Amino acid sequence: MEYAPLVNEDDEANECLSSDEIELKPRNILKINHESKLRTNLKPKMGISCSSILSICRNKAHKTQPRNIMISRRDLNSIWYPKNVIRNQKYNILTFIPLVLFEQFRFFLNLYFLVMACTQFIPMFRVGYLYTYWGPLAFVLFVTMLREAYDDIKRAYRDKELNSQMYTLLCANGRRKKVPSSQLQVSDVIVIQKNQRVPADVVLLQTSDKSGTCFIRTDQLDGETDWKLRIAAPMTHSLEDISVLISEASATAKIHAEPPSLSIHEFNGVISWKQDEPLTVESVLWSGTVVATGEAVCCVVYTGSDTRMVMNTSKPRSKAGLLDIEINTLTKLLFAALVLLSMVMLILKGFRGPWYRYLVRFFLLFSYMIPISLRVNLDMGKTVYAWFIQRDKNIPGTVVRTSTIPEELGRIGYLLSDKTGTLTQNLMIFKRIHLGTVSYTNENQAEVSNLLKQQFRTITTPIHENQLLMSSAMSSSSKTRSVVKKTEATKVPEAVKALALCHNVTPVFEEKISPSLDTSARSTDDKNASTPTTTRTSIIRRSGDISSLPDTPLTGATSLNTTDASDIAQLLPPTDVTYQASSPDEIALVEWTEQVGLTLVHRDLQSMTLQLNATQQLFHYQILQMFPFTSETKRMGIIIRDEQTNEIIFYLKGADVVMQSFVQYNDWLQEECSNMAREGLRTLVVAKKTITPEHYQDFEQRLMKARLQT
C-alpha cells in the first residue's frame, strides 16, 4: 500500500514524519474498510452523498468527543481536526458586494434614496435626469465599499501575519524544522520562544527552567496584565532529551484531553507514557497568550476553530454608531412629514385625473428635504477621522480596526470599569491584620517585628539536656489537655508565617551588571529598561543557591554567616528582589511580611524558603500540594511540610463569605470583616490546620485517583 502524505510533497512539515509509519499501515487499512462498510450501509437508505455524510460525522466528532492524541504522530489521528488558521475577515470575493449592499440598505436612509432613484426609471414619474439621483447614491455606495474593503484587507493582513509566524517543529528523527503557524496540526511538538505568541492550545511538556515552570501573559485573552504561572508535566519535564518521548515508537506517549469547550479556567486531561499523570489548566497554554519567560516545549491539542480564543470570539459584524441611528430616526420623521406635505398639496389641487401620479410627483419634488449629501459627508468624514487618529503624534501606535464608528470616541460620557484593578493599576497595599483580640496596622510594624524575633529566637535557642527533659515532660502532660490558650506572642508570628507561606508568589531579581560588559549588552539592557519591572528580560530565580545551603541539625535554619563567600555573593540584597504572581493581593501580602522581618527568598515547585531578616536565618518548607485560586471556589490553599519540625500544615485563604463556613466558629470574624469592608478595605481570611501523616497519605491517594478520572 503506497503512503499518501498528509501535506504537500514540498512541505517541510512532511519531512518530519518518521520512518516507523510503515508498521502502522494495517490500522489505516482497517479505517478504510470501516468507511467503505459505512458507505455500503448508507447507500440504499439515504439519497445524499456518502462522502458528505462522513465529513459531517468527522466534523461533529472533533467537537464532541474526547481526544486521544499520540504525541508527534500525525498519521495516527483518526478524527479530522480543523486547520490552525486564524480568519477574522467579514467578507470574501463572492459575499463582499451582496453583504455590503444588504448592510447599507437595511437602514431606512439608504433605502429611501434607493426607492427614489428607482422611480426615475418610470417615465410618468420622472422629474429630472437619472444621474441626479443615481450619481450621489452610486458615489455613497462606492465610498462605503472602499471603506469596508480597506478594513477587511487590514484584517486579512493581520491574519496573514499571525498565520505566517514561524515556529520550531520537533520531528521524530530528532530534526528541527521551521514551519508557519497555519501548518501546525494536532499532536505536533513545537518549541515556543520567549515573547512569542502561542499559536494553538498546547500542553506544556518541558521548559528551559529547571523547575519546569514558565510565566505567560494573558492580556489578549482575558485582559489580565499580570503574569500567570504554568507548570510542565513532571513526567516529561524530567526527561533530559525530549526527543526520546517523540521517537520511541514502541511506547508512544498519549494525551487524553476533553472535547473543546469555552472555559479558559478549566481543563481535564491525562498524559500517558510508562505511567499516567493528570493534566490541569496549569499545564496548558491557550492560544493568544505570550510566553513571558524562557522557552517552552509543547504538544498541540486544539487548533483553529477548536481553540478557546476562537470559540470565545464572536464573528465580525457591521457596527452602527449612535450618530447613524439618530440620523436614521430623524429620516423617518422627515419622511412622515414629506408624506403629509404631499397629501396636503394633493388635496389643494384636488383628486381629479390620475391623482396618484401627482401624489408621487409631489413626493419626488419634496424629496430634497432629506439631503443625500448628508450621507456622503458622513462617510467621507468617518474615513478622514480614522486616518487622522492613526497618524496622531499624541497617541502613537494607535490602530483603527474599523472606520465605521470613529465618531463614537467623541461621545463618551461615562467610563465604566469591570473591576477595581483596572483603575488602581493592580497595586495593593497591606493595611491591617486582625487576630481576634488585637489588630495591627502599618504603624505597628515595629511591634510585630519584635514579637516575630522573640518567637523565632525561642525556637532556635540551643537545647540543653535538662531542657529536653522538661520539654518531654511538658509534651507528655499536654496530651491530656486538648485546648491550649494561645497568647499574643504566639498568634502574631503564626499569622505572619501563614501570610508568608500561603501564596503562589515567586521571588525574582535583576542580574548584576558588571562594568566589563560590552556595548551591545548595554544597548540591549537599555531597551529592556523601558519595560515594567515584572516584564524585564534580565531576571534570575532564587533557586539552587539557597536550597543548597546546609541546615543545622537542631533547627533546620542556617545563618548566612556560615556559607561560603561565593554563595553570599550570589544572593542579592532584599532591596533588589521583585515578586511575580498572578494576583496583586498576594504580592502585597509577601511584601508586608518582608517589611516586618520574614522574607520569601526562594520558591520552586517543591520547596519554599523564608529568611528571618534580624538573624539572617533560613527556614525551609516542602510544598506537598497546591490548590490555586479560582473564581468558583474563591479560595486558595497549600499543604506544606515544615522541615524544622516535620509538621504537615494546611493553609487556606479566601473571601470571608466562603471561609466562614470552613473555619472554627468564633464571635468576631464576621463583625471584623464587616467593619473593614465599611472602611473600604478588601478583606481576606487565612486559616491553618495541622494534619497527621496518616491523614495526608490517605488524602493524597484519593486526590490522585480523582485527578486521573477525567
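Glycine is treated like the rest: Cβ placed from N, Cα and C.
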Q) Which of these ranges is annotated transmembrane segment in TrEMBL: 91-110, 131-150? A) 131-150
Q | Summary of DSSP states over the domain 'P-type ATPase N-terminal' (79-134), given as helix, strand and coil counts | A | 31 helix, 0 strand, 25 coil
Q. Same-chain Cβ contacts of the transmembrane segment (131-150) under 8 Å, 6 or more residues past its ends?
A. 90-91, 96-97, 100-101, 104, 110, 113-114, 116-117, 120, 372-373, 375-376, 379-380, 382-383, 403-404
Q) What is the three-state DSSP composition of the domain 'P-type ATPase A' (168-309), stated as helix, strand and coil residue counts? A) 20 helix, 57 strand, 65 coil
Q) Can you give the mean pLDDT for the domain 'P-type ATPase N-terminal' (79-134), rounded to a whole number? A) 85
